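Annotated features, as they stand in Swiss-Prot:
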ACT_SITE  161  active site, charge relay system
ACT_SITE  249  active site, proton acceptor
ACT_SITE  457  active site, charge relay system
BINDING   27, 93, 179  K(+) 1 binding site
BINDING   149, 150, 151, 175, 176, 177, 178, 228, 229, 230, 231, 251, 283, 380  NAD(+) binding site
BINDING   243, 450, 453  K(+) 2 binding site
MOD_RES   283  cysteine sulfenic acid (-SOH)
C-alpha cells in the first residue's frame, strides 16, 4: 500500500508492531483507496509505551535545557528539509490539498519545535526577598504526559503538543486519531534521528479505549487533548480521577463580525478562510458570520462569486484549492446539516451539494437569513458550510456573538480600530482577530473558554501547562520556637 509505515506504533526509539490489535484501515478520502493498514495498541503495547516514557523522563529533565533545545532545533531543521515528502503524506492521510499542506501543517510543526527550543533555556524561577530570609522558585517538568490528537491537523497537533512537553523536560505518549494516524509516526522517527533519547516520544495507535487506558494510568501527570466537546468531557472526567493536569482544546462555533465600514474584499476573504480552508474542518472557524444589514446583500453577492470560483479536485494537484472531507462519515454528517439548514428556512446562496465523485467532497456552501435558533447557528458542523446572519447595532452583534456555550475564537472586521478593540474586549473567546482570521502563529497562545476548553497551546503561556512551580524557603538565621 502506498503509505504503509514500518509499523503501527513507535515505542522506545523504534517501530513496534503487534498484529493482534484490531485493524485500523487508513483511507485516502479523495478516492476511497486504502493506503495503509495499522493495528490498535494492545495492552502490552500501551504498557511498553508508558513504561519507557516514565523510565526515560528523569534523565531528560536533568539535562541542561540548552542541550534539549539543540535536539528539538535539529528536528525542526529535518522537518523543513523534508517538507515536500511530509506534506505529501499529510495530503494522503487527510485529503487536504498540497496547496495547504505544503505551507500550513508540518511547517507550523517545525515552527513549534523551533520556538520551544529557543524558549527552554530561558525558563527560570524567581527570588522573593523576605528580610534576611528569601524564597526562590524552580519550574519543574510535570513528568509523563499523554497527548491525544485530532484528525484535522494531525502532524501539526502532534508537534504542538510534543514541542513544549519535551522542551520543558517531560516525556510524552501520543495517540493520534485513528482516522489520520500516519504523521505522528514520522515525527517520532525524526525526533530520534535528531538525537532524542528513546522513550521520550512514543506513538500508539487506537480508538477511544486506548486513549482511556493512557489517561487513567497512575504514571501519567498530564493530559493534552485536541478533540470534540463530548470527547473532552470524557477525557477531562477520567483525568480528574487522578487529579491530573489537563489542556483541552475543543470545539467552537465562533463569530466573525463584519461592520459596514469594513474592507469588503478582506472581510469576504477572511470569511472564506474561516469556513472553507481545510474543507471547513478547523475548530476555530468563524462559522457564524454576522454582517451588518446595510452591506449584507453586497457581501453575499461577492462571496458567492468568489466561492463558486474555488477549484476543487485531486488534492495532489498543486492547483487544487479545496479537497474532500476526511471520511465518508464526515461527508454524511455535513450533508445532513445542509439539509437541516434548508428545512429550517436558511436561504441557500451557493453550494449545498456533494461534488467531485468519487471522494468525500462537498461544495463550499453559504446559507443566508440564518437565525440564532437554527441548528446551523448552534452546532459545530466541521465542514465547508457558512452561516450568514445580519445585525444592526454593535451591542446586538456582541450579545448574539456571545450567546453560545462555545468560546474558542472570534473575529472583527472594521475600519474603526477603536471600535474593534472595544468589541474584542467584550467577546467571550480565548483567541480573537481584528481584520484577520485563523492566523495561529506558535509565538501566540491558542485556546478557548467555556466549552471550548481549558489551558493554552503555544506561546509562553504553554510553559504554565507543562511545568509546576516548586517554592524553596531559605532561612538565614536561627529558628525560634514557642516551646
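For all residues, glycine too, the Cβ spot is worked out from N, Cα and C.
When the Cα of residue 178 (NAD(+) binding site) is compared against those of the recorded positions 27, 243, 249, 453, the shortest separation belongs to 27. Neighbour density at the Cβ, taken as the number of other Cβ atoms within 10 Å, is lowest among the binding-site residues 27, 179, 229, 243, 283 for 243. Reduced to three states, the DSSP call for residue 453 (K(+) 2 binding site) is strand. With 149, 150, 151, 175, 176, 177, 178, 228, 229, 230, 231, 251, 283, 380 listed as the residues that bind NAD(+), the site has a largest C-alpha separation of 23 Å.
Checking the recorded positions (151, 231, 249) against residue 179 (K(+) 1 binding site) with a 10 Å Cα-Cα cut-off leaves 151. Secondary structure from DSSP puts residue 27 (K(+) 1 binding site) in a beta strand. Within the same chain, the residues at least 6 positions away from residue 161 (active site, charge relay system) whose Cβ sits under 8 Å from its Cβ are 145, 147, 149, 172, 174, 224, 226, 457, listed in sequence order. Cα distances from residue 231 (NAD(+) binding site) to the recorded positions 27, 93, 243, 249 are smallest for 249. DSSP assigns residue 229 (NAD(+) binding site) to a helix.
Looking at residue 176 (NAD(+) binding site) and the residue listed as 'active site, proton acceptor', their Cα atoms lie 15 Å from each other.
Residue 453 (K(+) 2 binding site) has 229 nearby among the binding-site residues 27, 229, 283, counting only those with a Cα within 10 angstroms of its own Cα. Other than the site residues 27, 93, 179, same-chain residues with C-beta atoms no more than 8 angstroms from the centre of those residues' C-beta atoms, the K(+) 1 site, are 26, 28, 29, 94, 95, 151, 180, 181, 182, 326, 327. Distance from the CA of residue 283 (NAD(+) binding site) to the CA of residue 243 (K(+) 2 binding site) is 27 Å.
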